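Enquirer: As annotated in Swiss-Prot:
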BINDING   A:Asp81, A:Asp83, A:Asp85  Mg(2+) binding site
BINDING   A:Cys82, A:Cys98, A:Cys105  Zn(2+) binding site
2 protein chains.
Amino acid sequence: MTTLDPAIAGRLKRNPDGLVPAVVQQHDTGEVLMLGWMDDEALARTLTTGRATYWSRSRQEYWLKGETSGHVQWVKEVRLDCDGDTILVKVDQVGAACHTGDRTCFDADLLSGADRPGPDARG
Amino acid sequence: MTTLDPAIAGRLKRNPDGLVPAVVQQHDTGEVLMLGWMDDEALARTLTTGRATYWSRSRQEYWLKGETSGHVQWVKEVRLDCDGDTILVKVDQVGAACHTGDRTCFDADLLSGADRPGPDARG
């Protein structure tokens, strides 16, 4: 069913849907671009093709990032976390990572931080 | 039950357990430190106290990061992604983020990348 290296598959801890969250980071600037989800096959394709591939939970199909938009993610490095339940994918992002056209999926909605006027902000 | 701002709560998309993944990033270096999980209350505490708080899925309790280890995460910025189902927390990490003592939870397990000897590596 999948071409994933059994030594890697044995370390993965999947959620009840068989998926693992993948944090996607621009390799040189360190920007966190988005969070995707991978099953074993998506991870195998990401590792072997060098292009980030996810499982689309909304469309229920494999999603080769940039296939329609051209906003490809070239894979530079893939890491697994200490307990095997999160993947970190460092990529070179072509164009916008976000479907809104923003560079990252986190650009638009600041909940708290230095740039956000607090309750005491004036003027 | 929770003190989370209703305007924020209304934008959150939670998994069946009521949780949202939180990508945790060192604010100045850009290192991705770990992935945690937050429910509404954990996010509310993170926003109001300025110290990152998660829901521990293994212990089934709130987890004030650093409470026992001293490895506190001081919150610099909190963002929500474009579809409201991932949080990005930029922090100032005291000491190691990982329970193994590594700086990040992604230090130890490289699946693919420039530093990993490929099948053609010799010597």
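Glycine is treated like the rest: Cβ placed from N, Cα and C.
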Enquirer: Taking the Cβ of each of the binding-site residues and counting other Cβ atoms inside 10 Å, which one has the highest number: A:Asp81, A:Asp83, A:Asp85?
Expert: A:Asp81
Enquirer: Under DSSP, is A:Asp83 (Mg(2+) binding site) part of a helix or a strand, or is it coil?
Expert: coil
Enquirer: When you measure from the Cβ of A:Cys98 (Zn(2+) binding site), which residues in the chain that are at least 6 apart have a Cβ under 8 Å away?
Expert: A:Leu33, A:Met34, A:Thr104, A:Cys105, A:Asp107
Enquirer: Using CB atoms and a 10 A radius, I'd like the single residue among the binding-site residues A:Cys82, A:Cys105 with the highest neighbour count.
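Expert: Of A:Cys82, A:Cys105, the one with the most crowded Cβ is A:Cys105.
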